[in-house]
Amino acid sequence: MDQLTVKRRVVIPVRAGDVTAEFISFNGDETGKEHIAISFDGTSEQKNEVPLVRLHSECLTGDVFGSGRCDCGEQLDEAIDRINEEGGYILYLRQEGRGIGLYAKLEAYALQDQGYDTYEANEMLHLPDDGRDFGIAARMLKALGVNKVRLLTNNPDKAAQLTENEIDVSELVPTAVHVNQHNRQYLEAKARRKQHTLKFD
């Protein structure tokens, strides 16, 4: 498997110009997916030497349209706030619907409306309950010269896959629990089935 290399770095103001971030593209991904790294210098005077990193899988419904059925949009907003302050990277991975794609995710939502949980719905469609590959994130980090991270996540599988791919995860930094009446069952399934570190009131 070839190493990734940085293709282009472009500074983009986000949040109506309140935050400045550097968007980074890559060469060498044999899948052809356009994963992106977003770099933040950090605003805090007491920045940690080890960058804070969030692996964020694309979620059109949550990230763009604010869907209440997941917590993806809230997690992305939280990551921007925290990493802009502390310095680090968001790796925005084009792995919609835990890797099954947007249309299949909508089919899974229809099954969830019938009472299946988020993982059971994928299984009913003969799809993996989580088809994401976080090895690509490790390759992106190496291309950026980053070999040690503080990982912003509640998902132990992300840390495990980075470690398997020779990235030193020095600390797991939990995200907040963004629960509402529409996503509670989804979050409870993540905690029950995949050991996400979520605490509910």
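Cβ coordinates come from backbone N, Cα and C, glycine included.
Annotations in TrEMBL come from automatic prediction, not curation.
Computed from a predicted structure; not experimentally measured.
Annotation comment: TrEMBL describes 10-174 as domain 'GTP cyclohydrolase II'. Per TrEMBL, the feature GTP binding site maps to Arg54, Leu55, His56, Ser57, Glu58, Gln75, Glu96, Gly97, Arg98, Thr118, Thr153, Lys158. Annotation source TrEMBL lists Zn(2+) binding site at Cys59, Cys70, Cys72. Among the features that TrEMBL reports, active site, proton acceptor is placed at Asp130. If you look up TrEMBL, you'll see Arg132 marked as active site, nucleophile.
Positions of TrEMBL features highlighted on the structure.
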| residue | record | Cβ neighbours (10 Å) |
| --- | --- | --- |
| Arg54 | GTP binding site | 25 |
| His56 | GTP binding site | 21 |
| Glu58 | GTP binding site | 19 |
| Cys70 | Zn(2+) binding site | 22 |
| Cys72 | Zn(2+) binding site | 21 |
| Glu96 | GTP binding site | 19 |
| Arg98 | GTP binding site | 20 |
| Asp130 | active site, proton acceptor | 20 |
| Arg132 | active site, nucleophile | 21 |
| Thr153 | GTP binding site | 22 |
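Reduced to three states, the DSSP call for Glu58 (GTP binding site) is coil. Around the Cβ of Cys59 (Zn(2+) binding site), the number of neighbouring Cβ atoms within 10 Å comes to 23. Distance noted between the C-alpha atoms of Glu96 (GTP binding site) and the residue listed as 'active site, proton acceptor' is 11 Å.
In sequence order, Arg98 are the recorded positions from Arg98, Asp130, Arg132, Thr153 with a C-alpha within 10 Å of the C-alpha of Cys59 (Zn(2+) binding site). With respect to Glu58 (GTP binding site), the closest of these recorded positions in Cα terms is Cys72, chosen from Cys70, Cys72, Arg132. Each residue contributes its Cα atom, and for Cys72 (Zn(2+) binding site) and His56 (GTP binding site) these two points are 8 Å apart. Put simply, of the recorded positions Cys70, Asp130, Arg132, the one whose Cα is nearest the Cα of Arg54 (GTP binding site) is Arg132.
Comparing Arg98 (GTP binding site) with the residue listed as 'active site, nucleophile', their Cα atoms are 6 Å apart once rounded. Under the three-state DSSP scheme, Arg98 (GTP binding site) falls in the helix class. His56 (GTP binding site) is 13 Å away from Cys70 (Zn(2+) binding site) when you measure Cα to Cα.
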